[in-house]
Amino acid sequence: MNKQKFCEAEERRLNWLINFKLPNYWKKIGWGILVVSLALILSTKFIDGDFDLLKSILKKAMLIGLLIVTISREKIEDEFIENLRSKSFSLAFIFGVIYVLAQPVVNYIVSLILQSEKANYEDLGDFQILWFLLVVYLTAFWSLKRRNA
Amino acid sequence: MKNTLKVERAILNLTQDELAQEIGVSRQTINSIETNRYVPSTLLSLKLSKLFNKPVNDFFKLEDND
């Protein structure tokens, strides 16, 4: 009996996690965080000084903004939207893996052609990977939504 | 799978938006079902069946390639 209750509680927790979405108004907050962080990062280019730490924090804030937009509910969040979400996540995952594998190779080949003596192979940073995943997800989601409008 | 959702909707004289509101989905969802771009869940099909007062098989039909 205890084991059954434990399994049921586990399932409830898992379902809560899978179905977790922020309310719709969070989408605007997410966009706000993204736009403000992006504007601040761009403005550091016009001011002299060492902004490495600030830039690193702002980049994380941009990712948080995009994540909030991604997990915010649509005005009407129904099974069709859930279907579009899973298609978009799947596309983002596949393109993400291809991007992580191919982009460093492309970079290396291009730098070999342009400056062969300075060419070195470098893997992508975590920001680039996460940014790409979130942007591909949102782009796929919007285009699928527009296609069915 | 093909469907006659548009016809059933016309019989009840409902717009896509009105039908969507009746069964608690978006207008986009109804449009996607009508244009055969989305196959609804059993739950949604049963809600439609209740609203149209007809069995699901009357407005959803399997095609040869299904």
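Any Cβ shown, glycine's included, is placed from N, Cα and C.
Predicted automatically and left uncurated, TrEMBL annotations should be read as such.
Since we're looking at a predicted model, the values are computed, not measured.
Long-range contacts of the transmembrane segment (A:91-115) within the same chain, counting only residues at least 6 positions beyond its ends with a Cβ under 8 Å from a Cβ of the stretch, are 121-124, 128-129, 132-134, 136-137, 140. Residues or ranges marked as transmembrane segment by TrEMBL: A:91-115 (among others).
TrEMBL lists A:127-144 (among others) with the feature transmembrane segment.
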*Which residues of the same chain, at least 6 past either end of the transmembrane segment (A:127-144), have a Cβ under 8 Å from a Cβ in it?*
59-60, 62-63, 66-67, 69-70, 84-85, 87-89, 91-93, 95-96, 99-100, 103
